[in-house]
């Protein structure tokens, strides 16, 4: 994030895509030593993780650098939601290309089936390496750091230094409040959706169905997120209201899903339709809130650089996700507690957003100075 704020998008995106090339390449090296192969895979995943901050946080910086004030929210939504579409494809590629060992059962597969699964996994790894190499080549050929002229006053204005930015972020209670409102539910949801097939196995849902549920929840979130951002560009100053509506829906949807999974106690109908509906609605409401949050972060702490602002909140989100997955390694036999984390985190976020006092410092600068 420091590199992006200091040297611009081109250098940062080139480094990011190069790290992804190295990471995906290490996972494809054919070695017979299993310990060495495991280390190569872990090293590749580490390099891929180092590339993550640009993918997750560059959207507000991109929209500020290239787009005017009445286009920024839409640009942020498109740039941030496209990476989520990649995650949606992962929900499909895994179950459709790599077969489950034994349906939804955790039993080990036969030796021949295990070899078939290994070949399919390697096919996915080689395909990902090819796609990443193509992206790196395209970035190397043409990726300008900025437009010839700044599109707005905010794009041309001076930002705070990094030491002052950190002090301002950590001392701003309003920013910390809205940062937690983003990080807690989005971190919990990221960890929960990553093991969605395990969550749904006790209710006899296959990994293919779990993949389709994850796919449609992300696609729906992308569509709704871009639509909400476009609405925010037309009617400015409505980011808090949009978030309140989205998290009210997320709280209701997550509660519906959790109670449905406890149908032996609640007697709610447990069908494929109810599971699809509750999970997809939850994904739509939470995923579509990401670009709205990003725009609100930047508006709240302006003139703190966009990179460091979004980097801090993404770090917090990943931290909550990591803590949740850490507990999952110890409490993995019964996962109802994991489901209850969803409505609890959404409700907490809703209360934080209600208490948050919004401000639009960057938008005010663009509108007043331009006039």
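A Cβ is built for glycine as well, from the same backbone N, Cα and C atoms used for every other residue.
In TrEMBL, the transmembrane segment annotation falls on 51-69 of the listed ranges 51-69, 146-164. Nonlocal intrachain contacts for the transmembrane segment (173-192), taken as residues 6+ away from its ends with a CB within less than 8 angstroms of a stretch CB, comprise 199, 243, 247, 250, 282-283, 286, 289-290, 293, 296-297, 300-301, 309, 312-313, 316-322, 324-325, 328, 338-339, 341-342, 345-346, 348-349, 352-353, 355-357, 359. Contacts between the transmembrane segment (241-259) and the transmembrane segment (124-143): absent, as fewer than 3 C-beta pairs lie under 8 angstroms at sequence separation of six or more. Counting residues 6+ beyond its ends, the transmembrane segment (51-69) has Cβ neighbours under 8 Å at 1, 4-5, 8-9, 12-13, 15-17, 19-20, 23, 75-77, 79-80, 83, 146-147, 151-152, 154-155, 291, 294-295, 297-298, 305-307, 309-311, 314, 362-363, 366-367, 370 in the same chain.
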